[in-house]
Each structure stands twice: as C-alpha cells, then as structure tokens.
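Features reported for this protein in TrEMBL:
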- C:99-311: domain 'ABC transmembrane type-1' (DOMAIN)
- C:7-28: transmembrane segment (TRANSMEM)
- C:103-126: transmembrane segment (TRANSMEM)
- C:138-161: transmembrane segment (TRANSMEM)
- C:188-206: transmembrane segment (TRANSMEM)
- C:246-272: transmembrane segment (TRANSMEM)
- C:292-311: transmembrane segment (TRANSMEM)
C-alpha cells in the first residue's frame, strides 16, 4: 500500500490531477456557502460581461450568475459521475465475475449480451431512457449507469479469467478452500486493480455524458448543471461567448483531473508497466 | 591453421543502476574460428545471452558495453557506426533466437520475411531471383513444399517450422558467423533433435563459425567443438568439448555435469502394494468453436487412458507438448472435468464425489505446479499461503502456523520465510515453498506437474533430491508429469509415455529404458540431448 | 467454407442485435410512467383521442405482452417505425430523409480520426519522451476530456465568428440549389469541415494515445529485434514491422467506438444545425416526440453494426490471423 502511494506521488501528472480534482470537490462542498442563493435566481442584468455588475464570470441571457452556476454545477457533475459509475460497476463487475469464473454456457450468454449492449450507441440510449422516464437526478444516474457497464464487464471477465487460471488459484482450490473464499481472497484482489482504474475513467466519461444530456435539455430541472448552461448559451454565442466558455472549461478541467488521477493510479497499481 | 573469425576481448557489460549486480558480463574473452561450433553454456544470469546480443549491437537500451572489444576478423564491432553495423547484421553475422513463436512478424508471410533479408543486403536483386533463392533456402533447411510454406503466415506453421524459417532467414546472405541464442530451448525434444542436426549439417556444409548459446550440457555434448562455461558473467572454464566434458578442471563444470538428471541406475522395481490411484478409460476432448456455424476444432487430450499408481510408487507420465499429460494431472484432481471414464482413489470414484468428499480427497492428493512464479499468490505472505490449507480443514491458526514453520524448515528455507512475500524468493526456493504448502496438508499422494521444468539444472537436481527424500520419509505416492525423459529416469518406478492424448507405452522404468517397444518411445530416447556422451560417461564411471 | 460460416455467424449476430434493441424499445415504452399508448403517440399526439384509439388497436395494446411484442417486432421487420403525430409523417420517411447528411458526417469523421490518430500516435510513439511526444500527448489528453458540443462551439467562435473563414452552421448555402454540381459539392464540403473536425477530434485523441502506446509496446517485441538482426534500417523496420502491427488494436478499438461516434454526431449536428439524424434527435427530444426517438435509436444501432462490419473488414485486411481458424 505504501509503495502504491509512493509510486502515485512520484507522478507529477497524478499530483496535478489530484489538486485539480480537490479544487472541484471543494467547490462542490462550499457552493451553498459562497453562493447561498439558488443559481436559477435572476440576480443581475442579462448579458452582463465578465466582471461587470459584480458578476465575476458575467450573467446569462436571463441575468443568472454564471459563477454561481459553475460552483453549483460541480455538485451535480460529481454526484452523477460517482453514482452512475457505482451503478455501472455493480452491474459490470457482477456480470464479469460470474461470466469469467463460471465459464461455459453462462459465460457465452453473458458475453453475447454484453457485446450487444456494447454495440448500442450508448449516448442515444441514454437520451431515450431519460426522455421516456422523464428527466431527474435518479433517472439520469440510472441511464448513465445502464449504458456504461459493458466495458467494465468485459474487463472484469478478462481479468477474472486470467487470474482464475493462474496456478496459485488452482492451488488454493486444491487446498480445500471454498469457492467463495477462493474468489474473494485470491481472484478478486489480484484482478481488481485495472478495474479500479477503469472505474475512475468511467467517472470522467459519465460526467461527459451528463453534460451532453443536459446540453440536449435532458437535465434535472431542479439542479443547475454545466451542460445546461452551455446549451442555453449556445444560441447567443456570437454576442456572449462567456456563457458557453466558462462552463465548458469547468467540465474540461474536471474530466482532465479525473483522467490524470486514473492514469497515475494505473501506473501505481500496475508496477510492471510503470517500470517500462 | 584455422582462421579466427570472432574474438571477444575482456568484454564488460554494465547493467543499469538498481539491478542486482553492476555488470551483466564481467571481463569475458573468447574466440570463435571459422568452421567450428563454440557453445557458450551457463545457467540463468550467467550473461550468455547478453554476450550474444552484444556482438550484433542488439543489447537492451539500458545495458552498455563499458570495456573490451568484439573483433570480427580484426575489426572492432563496438567502434562501428550504426550504418556499418547494419551492413554486418544479417550479412556476415546472422542470429537466430529462442522463441520461434514471437521472433517472426505475425502479419507478414514467411517467405517475404526471408526475401526481405536478401533484398536488404542486395537491393539490386530482381524479384524472380530473390524468390528462387527463398525457395532454395526453404529447401535447404528442410521445409517441405517450399512454395506453399513461403506463402504461409507464421501462425500457420509449427514451432519447429518457424525455427527453420528463422534459420533460412539467417542463412540468406551466407553469413560467416551464426549466433544461435538457445534456438531449441522452446521446442519439444524430437524437434530439438532435428534442429540441432540441421544446424550441425549446415555449419559443416558452409564452413561457418557458430556461437551456440545454451543452458543444456546435453546439447553441448551433441553439437560443440569447443565449449565455454560461464557463471555470473565470467568464464569458468573453456576448451575442446571432449576435454571439458570428460575431464572438467573446475568444480562448477563438474557440478553442472553431475546435475544433469537421468544418469544413475534406473530404479529397480515397482512395489507390489495395492493400487492407490486407478484411471480407467479416461476420455477428454477439447472443442473450441469460433462461432455457432464454424466447424469446431477438436483436440484430443485423453483417449482411453488406463493407468495405475501403486501405493508408495512414483509413476512418471512423459510426453511432449500437446500430449495431454498436464490435462491428465488436472483431471485427477477434477480441476478439469473429464468427458468419460473413471478415476478411483483408494477404490472410491473421484468423479462421483460431492463437494465435501472432493475436498477431503484433494487434501490427501496435493499438487505442485510448473511455474514457480505463478504458483504463489503475489499478495500473500508465504506463511499465509501455507496455513490456509490446514485452516480450511479446521486446524486452529496457531497450530497451522507451527505446521507451516516445520515444513518450511524441512524443505530447507527456515521459519523466517513465513513473513516474506513470494517475490523475495528465487524460482527454486518458490518451488520448495510450493512443496511445503502441499505437504502441510499431510497428503498421501503428490502430483508434480512439470514441477522442476522451469528450474536451472543445479537447482533442479536439488529439488528432485528433496522430493525423493520426502517421498521416502512420508511413504508418499507420486504422479510425476514431465516432458523430460531424463528427469523421469531419475525419479520414476514406472513410466507412461503419452502422445496426442493416448498412452503409447507403459512399463517399469528399467524396462522402458532398456527395451523400449513403441517407435515413439525410441524416438524420444534417441532425441535426448547428450545421450551418447552420458552413456559413455556412465560406462567409464562404472569402470573406475 | 470458413467464409460462409463466419458470414452466417455475422448475420445471425446482426439479426439478434436488432431484435434485442427492438425489445429494449418495447420494454422502454412499457416501463414509462403512464399509458404506453400516450408514449407511442408522443407528447403532441396524446390529446387526440381518435389517434390514441388508433394507436391502441394498431399495436394491439389490449393483447398480452408477448403478442404485443410480436406485433411490434413484426412492424420493425417491415421497417414500419410508427407515425410522428407532430410532424404528420411516417417515422421511417423522416429518418430516410436525414440519413445522407449523417452518413457523410460520421464516415468522414471516422476515417479522419483513424488516419489522424494513427499518424499522430506513430509520430509521438517514435519520439517517445521527446518534447513533440509530450506536446501531442498533452493535446490529446485535453481533447479527450473536452465535451464535443463545447469544442464545436469554440471552433465556431474562432473560425466563424472571429476569423469568418468557415460557415457556422447548416449543410449548404440557401442559394446552393443554383450552383453547379461541383460548386454544390464544394459548398457542402466547406460546411462539413467544422462539424467533421469537431466530431473526429476527440476520437483522434483516443486513437493517438492508443497508437502511441501500442507502437511503444511493439518496439520491444522479439520480431522487431529479428528485423534489426537482419540489418534493416530503422525506417524500414518501422514501415515493415511496426506500423501495421501497432495499428491492429487501434482498428479493433475504433469498431468499439462506433456507437460513441454516432452519439457524438447527435450533439455535433445539434451545434452545427447539420440536417441529419442527430438534429432530428434533438428536435424530437425537445418536442418529446417518442416515436421518432425510438425509431432513431433503432436505426442508429443498425448504423453502428454497419460501422462494426467495416472495421471488421479493415481488421481482416491488416491482420491475416483474423478469421483464419
């Protein structure tokens, strides 16, 4: 464990990512303290430029504070990113484990099912799900989770299969340990690190999908989100660049931060590659 | 007077910081003359491969030549420009490698890869001439139907065929010096024999100098004119092969020779005890299909396998890759389920055992695997790996730890190994740990699946010795799976020879070696490297 | 024989996939809150009692679920994707009208990203550790994290609003109908540049990263050492023994990304008012026109399958091992 942290900290990119991510999380936590008013409230003059009328990043077409929207939007992005990844991990890891360890017909069916789900254009399915189930935080999380699990399932299956064939697992079976004990104590611990890394990258992808959904007008109407801000500023981009530029930068930085952390994690957890 | 082709003078190769030692090669000097085969022999870590790669300037990035010279007909190769070096590679000096699986480009046709070697050194050659030359080379290295095979992709060829293609490629520009880096190590013995014969005959025909890298003294005895023994990056002993092998001056050389298994008297007889393990009519076919409609590929792993292991005996199952011997071991423990037939342990059918009965059976029949690096959970301390077995059968942790300690001491590692991780041990030590783990359950039967195949000969000899002692102490019965007849001869009372999932012959060990009945057994015996040399050494030894 | 059997396998796979997707559609309609007939009618049709009644009988909504599913699948097989009450047209007609521009956009972006990714990835991989490698890696890291629609807007801001080089939206000028064929094609091409670059940029970033690491890995392989031992120059080793091998995983991965590419097309077409299926999706979402959304989902899935077949073909071309056993 100590080694893992040490390797992680030796990567400057990982530290940059961690700091950025920390800032975004901090923003999400302190949002109600810094901007106690709802980000939907029209507090200023429409089309205020950044810095004008006491608005750090300007106001949108209805006079809502962009800075407030960005700070509050961090909450939605982080929440949806984590919750939908968790959903995807639950489905993907469970199916992948069963498929990889059981083999045979069970495996064949699950693999086929996963393949089909991987063919489906996931963003379009997410749109369809949210549109039909009506947009809310819950349906958005569910939809993103439902379209994000196939790569995790494939990865888990591949990992479990490789590890399960390793001789120490066979030796554990011959030692008389129960199947559950073999899977939980020997297979998973040795298979898990790429899955953790893929999970962290899934958070980034989920944040991008959420942004896309709210850009299309499928966000939860009760929560301000970055994608929504860009979507509503889109039509006036010729007059008011700031309405789209700042929320986009927020998404970009958050996703870059998570990807950097994920990569550093990868190097730390898979020492074989980091040595090369 | 023979011409000195290659002279390595006081070569020092530096390893990067943080390696286990500073120099991979520490002041090696050697020569190779035209028209002779020089064997560079040594165990892992001796620096033999590094030396070979240094000649062609193919060292890994972080390894640097710090001192010395490598002269080809007087010219120092270490001082050449990259351009001059390229002209030599594949031209005057050619090289073949260990892994025929990966040494060829998987996406290019075999013939094209050889043709490329010709065109690189003779850009003006026309297509038809190059093509003709490729076919000719394919014929010379004994590839059947050169026209078809030169159009094949590497994945369509067998391991032996790929190595022949590699040799054809190496010979493409009539090199004066051929470097062969363990060219037969990854091959089955019968294929190894063919490739060795091929290299020998091509060398004689062409008067080439050959530097042949190997870890196998038997191969040295078969092929070498001169031999150089390496250890830890230094030359231990060198001289004409006949002299060094029959009258070694250095202890290390003698050790290497003595460690070669399968020389002592064959064990006399089987016991007359009752059978412990009986296998009747065992069947297993692996079918893989790409899709529902594709014709499935069938690989027969077991066809009508019948054998008996008597109490207190050691039964060796010998076969080349794909013979089904490892599948057999796994089927006994039901790590793989057979398609049909019966396995009786102490009279009880293993196939019919429920979960608890199977657990109890596996406790009494333990297994040691081939790969010492994959056999231990890298995330668990050694002690933890061992105690989990007894604990799974209800032994309290403190007692299990005492058991683990006792066995670790018995296999020669000491109790301090308990708290260490697998990566802190060498291959031989890990194999001892695996043996301790198996024996901690107090089994009456031990299955060794190629348990010594991945080890250096000297380590192998000591592990075999340990197994023999333990067997005597505990009255173990052993099912010993190996590809190496020499190892089988060392340890077995009775031997079963398998090929393509069938038993071709089974007999008491002595009988099998003295009067082999099956053709295939005879071929295997004849293919054993260094067979004649060791036989004559045996007779000489007996005479003293 | 192996070709026929693998074709058969492909075909069953495709049919199976389409059936599963249609079934998802069916399940979705029925899991939506409220009356499925209202969902099928779409938000503007749900007040027309006569239309609702017609939907109910046409889809057999009073029948058991399995019969309903059968009815629905039967319709899908006949390419009857329902009726958009709002647009007063059959969904299949709406989709066929918009298919061309989307194919043009996605295929352009697909090849652009693949070629660009292989090129930049190889460039960076060869200069492993040098500043040009770092620069390419950094740019691809950033692009990879950029929301597509935002990237599109930024390009519009720079190339249309500030520099006024390229049109910001649309498929062709309003007067384009009067142009010659060549003039028309050039006009469409000018309009295509920004959306295609936007859509391909992110995938180019992905493929660049993949190609780079793949090339670095290949450079350590045994057969590259063999090529070096043959006396080949580094350039020839690269061209003959590394590029193609390194591109194999990139092509495989591109196939897996086909679905995401079409998802990306939805937002890109929205940003650039490109009159394709994506724009149609946006309009249907805004109007809650469910029959159109359901039909689009099905058709886009089929497009993904088609792109998958294409990458399969590419894969076969560069890797002789595929489909040989």
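From the backbone N, Cα and C atoms, a Cβ is placed for every residue, glycine too.
Keep in mind that TrEMBL annotations are predicted by a computer and have not been checked by a curator.
Note that the coordinates shown come from a computational prediction; the quantities given were computed from them, not determined experimentally.
Taking residue pairs at least 6 apart in sequence, the transmembrane segment (C:7-28) and the transmembrane segment (C:246-272) share fewer than three C-beta contacts under 8 angstroms. Counting Cβ pairs closer than 8 Å and at least 6 residues apart in sequence, the transmembrane segment (C:292-311) and the transmembrane segment (C:7-28) reach three or more and so form a contact. Sequence-distant neighbours of the transmembrane segment (C:103-126) (same chain, 6+ residues past either end, Cβ-Cβ under 8 Å): 132-133, 136-137, 140, 188, 192, 195-197, 199-216, 219, 238, 243, 246-247, 250-251, 254, 258, 261-262, 264-265, 268-269, 274, 276, 303, 307.
Panel annotation: around the transmembrane segment (C:138-161), residues 120, 167-169, 194-195, 197-199, 201-202, 204-206, 208-209, 264, 267-268, 270-272 of the same chain, lying at least six beyond its termini, place a Cβ under 8 Å from a Cβ of the stretch.
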